[in-house]
Amino acid sequence: MDFTPNSAINHLNLKFDDVPVSDDFSKDDLAEQLNVFTNPYFLDLEPSSMLSEGYYGFVSQPSGSSNSNKQEKNVQQQNPEKISTLQQVKEEEVSNTFSAPLNATGNFSSANPASIDLAYLDLQKLLTLPDHSKETQEKTSSQRELFEQKSSVASASKDNVSSSSILQGSASSKLLPDQSARQHQVLVGQTAIPTSEASSSINNTPLQAPVSSFADQNAFTNPLSTFASPDLASVSSPSLSSYKGAQSPNANSKRTKATSAIRTAAEEDKRRRNTAASARFRIKKKLKEQQLERTAKELTEKVAILETRVRELEMENNWLKGLIRPTSNF
């Protein structure tokens, strides 16, 4: 607990009827007065004589009673023995208030005086005075009586609700038949309860006890034995034709439209692919033809050149032969 003078002033800033507030005093005076609590020898002092009058729960007197205060002071000056006895009583009260927390925490000498926790001092209890007037006692007694009446009414209403619910549940259980009992009657073979319409005819007939056979008892104990196991071969799955027949014509028309649209789209894609492939083939064919034509022209030109060369060579050969023959004749 932070025990600084300012924080202590804020904690002590309590408002009560006919009691002075800390705002009426200067903060410096209060700080000086509260610094006394940090003194380790606080118990040897008299805080009641050091603090101002009308503080710490002492009711301030009105201005008209100043003369009476002066008279009391004069009486105290005349009787110093009474004053000393009163001071001793005050010291004992202060020591009793401070001794309980100190004994709980430990020795006063070992504790740090600055960190003493004054939470043990309930200032509100010291400042508030108990009101023993008849009016307050009557109010509290009337409030207690009202609270007791309300609690008794609430408990009685709860008991009534619970009892009514229990009665309703018992009546409904009596009115409604038990399903398990009914099933037991059906399985064992007991006679059904006669209705009001058929009561006359049933009363005329003599009652007979039901004859329970060994087979009925076995059927009741093992109800699954009465049912025959179905043949798996006889169980046939529904055929596609029945499934198609169960379909509505609107669904068939929608499906045909969807399939036709898909087919048209596929056919268009095929046509586009075929046209593109044929165009590519034609272009390649034209290129090959152009190349063949070029090669043919080049070859024809070469053939013509070679033919002219051959002719020239033949002429030279003949001319050389003519030159050689006359020389050979000689």
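Counting begins at 1 with the first residue displayed.
Backbone N, Cα and C atoms are what each Cβ position is placed from, and that goes for glycine too.
The annotation region 'Disordered' is assigned in Swiss-Prot to 133-165 (among others).
Residues annotated as compositional bias 'Basic and acidic residues' in Swiss-Prot: 133-148. The compositional bias 'Basic and acidic residues' (133-148): residue composition by secondary structure is 15 helix, 0 strand, 1 coil, according to DSSP.
For 150-165, the entry in Swiss-Prot reads compositional bias 'Low complexity'.
The feature region 'Disordered' is assigned by Swiss-Prot to 238-277 (among others).
The compositional bias 'Polar residues' annotation in Swiss-Prot covers 244-262.
The average per-residue pLDDT of the prediction over the domain 'bZIP' (264-327) is 92, rounded to a whole number. The domain 'bZIP' annotation in Swiss-Prot covers 264-327.
As a summary of secondary structure, the region 'Basic motif' (270-288) carries 19 helix, 0 strand, 0 coil according to DSSP. Swiss-Prot lists 270-288 with the feature region 'Basic motif'.
What Swiss-Prot records for 292-320 is region 'Leucine-zipper'. Here the region 'Leucine-zipper' (292-320) is broken down by DSSP into helix, strand and coil counts: 29 helix, 0 strand, 0 coil.
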